[in-house]
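S.K.: Below are the structure tokens for one structure; questions will follow.
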Amino acid sequence: MSSNKNDVTQSITQVIAASSLGTLIEWYDFYIFGSLAVIIGQQLFPSDAGASALINTLAIFAAGFIVRPFGALVFGRLGDLIGRKYTFLLTLVLMGGSTFLIGLIPSYSSIGYAAPILVLILRLVQGLALGGEYGGAATYVAEHAPVGRRGFFTSWIQTTATMGLFLSLGIIVLTKNLIGAEKFADWGWRIPFLVSILLVGVSIYIRMKMHESPVFTKLKSEGKISANPLKESFQKKANFKMVLLALFGATMGQGVIWYTGQFYAQSFLENTCKLDFNESRYILLWAIVLATPFFVVFGSWSDKVGRKWIMLSGMLLGIIFYRPIYQYFIDATNVKEFQKTELKTATAPEITRELVKGEKDSIITTTSYKTLNSGFTFKESVVKIIPDDVLAPLPEDKTVIADVTLPGKTYVIIILLVFFQVLLVTMVYGPIAAFLVELFPTQIRYTSMSLPYHIGNGVFGGLVPFIATLVASFPGSTPLSGLWYPIGIAALSFIIGAVYIDNRGDRNVMD
Amino acid sequence: MNVLKKILGILWIVLGPVIILFLIMQAIEKVAAAAEGIARTNTTLQWSIIILIFIPICAGLMIFGVYAFKGEYERLPTSSDEL
């Protein structure tokens with residue numbers, strides 16, 4: 001598409017490519033942290049922190065999401081004042097710089113608690129930058145898109161978050177396979193962070209060549225730019241009520257569906273079902289590859305039938321099917337039970353003995369690798385604590401299952417179930433950029449759409465792994481208890497969206 | 001539908017403080033359990049963060065409820081001129 005006002009000669013394809021590449025890289029930067037939560041937890045916290053290390057790392061991960069709305073406010077305001085192009089160039093630099101620096105932070109064993117504090121600060125910068133990026137890219141593409149095709153064109157931007165996750169998982173798995181698990185856990189986990197600086201450099205080069213949005217340029221030439229977009233967005237009731245509607249009726253539910261399907265699923269398979277590191281990531285990678293085209297399918301379809309019911313159907317299906325799906329994950333990977341009847345082979349036990357840290361009690365760990373008739377393989381460790389005091393009662397042995405790999409049929413079924421969850425993501429997320437862009441006028445669009453998006457997606461969605469893991473750790477809870485958080489939020493959002501949102505499609509965005 | 005929007009508005013007004021109260025009660029219970037060594041991971045810091053994040057969101061839900069009750073969502077704007 002071209003504009004006479006500012007000599008824009010770039011085609012919509014170039015606009016989408018340049019916007020999407022930068023956004024994809026920002027998502028990549030943002031998600032490496034989550035994909036490496038377990039390893040980063042071991043690096044940033046004391047070695048005996050156990051489950052607390054994972055939850056604290058997920059809390060740092062979540063901190064990046066929590067500040068996203070503030071980034072939306074700061075950079076959204078800039079975008080509505082100085083333009084879309086320069087604002088999201090700035091966010092790209094901040095994101096790339098902070099990701100690179102996370103890769104250089106020494107571990108807890110070198111600098112103590114300064115390590116998690118420094119990472120937290122950089123994570124906050126990442127969150128601020130991402131908060132400014134997405135709204136700019138979606139607005140930029142939507143303002144270039146032809147009438148009646150806005151859902152289709154913005155859906156390409158919508159693929160970037162998932163593709164960023166895919167890229168982060170791919171680089172992590174590739175690095176780990178190249179250098180080996182031990183080196184990866186020691187220092188190799190830093191490589192995906194350091195690689196970011198190259199990707200960001202390429203994206204900055206491409207974006208420098210882009211023109212400003214024609215709609216914004218027209219507004220600027222007419223002297224209609226908002227003097228205070230923040231005030232107009234949130235102090236003017238007519239705008240603020242739409243911000244609230246967008247948050248509670250759409251982005252809140254979209255956020256939890258996104259992070260349950262694409263983060264919690266993998267985290268659950270790895271931490272609850274004890275799947276092997278690569279196995280859980282390959283499953284997600286397959287699911288993403290199969291489902292990603294549907295972002296464009298649903299985005300395009302929303303141009304014809306409206307945005308509302310596609311998004312709400314995604315939420316409803318999540319509400320109905322999450323618990324049965326996760327119950328299947330548990331039942332289908334319960335090797336502790338399966339081995340009672342179908343144990344095929346077991347390696348000779350390796351026995352290690354060490355002292356409990358700071359005490360005189362001993363820990364004896366007996367490890368063996370087992371294969372079942374059905375094709376499962378896994379590592380089983382029996383941990384026995386021997387008190388120094390011979391008269392003290394013996395604590396119960398603890399059996400720890402790890403590194404489970406699945407037989408073909410179970411593997412395929414789990415891929416399909418994760419694919420189904422990512423499909424729901426494409427339903428709620430594919431049309432939402434067009435939906436948000438159409439809800440607000442050009443003058444305050446960057447600011448107004450960014451805030452509900454980042455509270456919904458960033459805060460409600462980003463907190464899914466942290467809150468769900470926390471809830472599942474409550475005394476008396478089950479592994480499925482954590483799902484009540486995304487189910488409850490999606491249900492609330494579904495009701496509000498169904499009752500209060502209109503199903504109108506393509507609105508005028510040139511105002 | 002407009003009547004339903006208003007009735008649900010009352011529900012959102014009530015739901016905001018109820019959620020906050022629920023979170024505070026959960027925080028007290030879980031932090032106490034952690035202090036007794038029943039659950040190691042439920043710390044004061046984590047719960048403080050959760051409550052701090054959700055207080056403004058619940059306030060937003062209440063305001064949304066007030067708007068809904070007053071009929072602000074009976075007809076949504078069709079163009080930016082109406083905003």
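Quick reminder: no glycine exception, Cβ is built from N, Cα and C everywhere.
Pasting the feature list from TrEMBL:
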DOMAIN    A:15-505  domain 'Major facilitator superfamily (MFS) profile'
TRANSMEM  A:27-45  transmembrane segment
TRANSMEM  A:51-74  transmembrane segment
TRANSMEM  A:86-105  transmembrane segment
TRANSMEM  A:111-131  transmembrane segment
TRANSMEM  A:152-175  transmembrane segment
TRANSMEM  A:187-206  transmembrane segment
TRANSMEM  A:242-261  transmembrane segment
TRANSMEM  A:281-302  transmembrane segment
TRANSMEM  A:309-329  transmembrane segment
TRANSMEM  A:411-437  transmembrane segment
TRANSMEM  A:458-477  transmembrane segment
TRANSMEM  A:483-501  transmembrane segment
S.K.: Hey, would you say the transmembrane segment (A:111-131) packs against the transmembrane segment (A:51-74), going by three or more CB pairs under 8 A that are 6+ residues apart?
M.R.: yes
S.K.: Let me know the model's mean pLDDT on the domain 'Major facilitator superfamily (MFS) profile' (A:15-505).
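M.R.: Mean per-residue confidence for the domain 'Major facilitator superfamily (MFS) profile' (A:15-505): 87 out of 100.
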S.K.: Mind pulling out the one from A:86-105, A:281-302, A:411-437 with the most Cβ pairs under 8 angstroms to the transmembrane segment (A:187-206)?
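M.R.: So the stretch in question is A:86-105.
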S.K.: Could you tell me whether the transmembrane segment (A:27-45) and the transmembrane segment (A:309-329) are in contact, taking contact to mean 3+ Cβ pairs under 8 Å with a sequence separation of 6 or more?
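M.R.: Result for the transmembrane segment (A:309-329) with the transmembrane segment (A:27-45) is no.
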S.K.: How about long-range neighbours of the transmembrane segment (A:152-175): same chain, 6 or more residues beyond its ends, C-beta under 8 Å?
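M.R.: Those are 12, 16, 19-20, 23-32, 35-36, 134, 137-138, 141-142, 144-146, 184, 188-189, 191-192, 195, 258, 262-263, 278, 281-282, 284-285, 288-289, 291-292, 295-296, 298-300, 303, 422, 425-426, 429-434, 437, in sequence order.
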S.K.: For the transmembrane segment (A:27-45), what are the same-chain contacts with Cβ under 8 Å, counting residues 6+ beyond its ends?
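M.R.: Contacts with the transmembrane segment (A:27-45): 52-54, 56-58, 60-61, 64, 95-96, 98-99, 102, 107-108, 115-116, 119, 123, 126-127, 130, 160-161, 163-165, 167-169, 171-172, 184-185, 189, 192-193, 196, 199-200, 263, 266-267, 270-271, 281, 465.
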S.K.: The transmembrane segment (A:86-105): which same-chain residues, six or more beyond its ends, come within Cβ distance under 8 Å?
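M.R.: Same-chain residues near the transmembrane segment (A:86-105) but 6 or more away: 19, 22, 25-26, 29-30, 32-33, 71, 75, 78-79, 115, 118-119, 122-123, 125-126, 128-130, 132-133, 136-137, 140, 190-194, 196-197, 199-201, 203-204, 207-208, 446.
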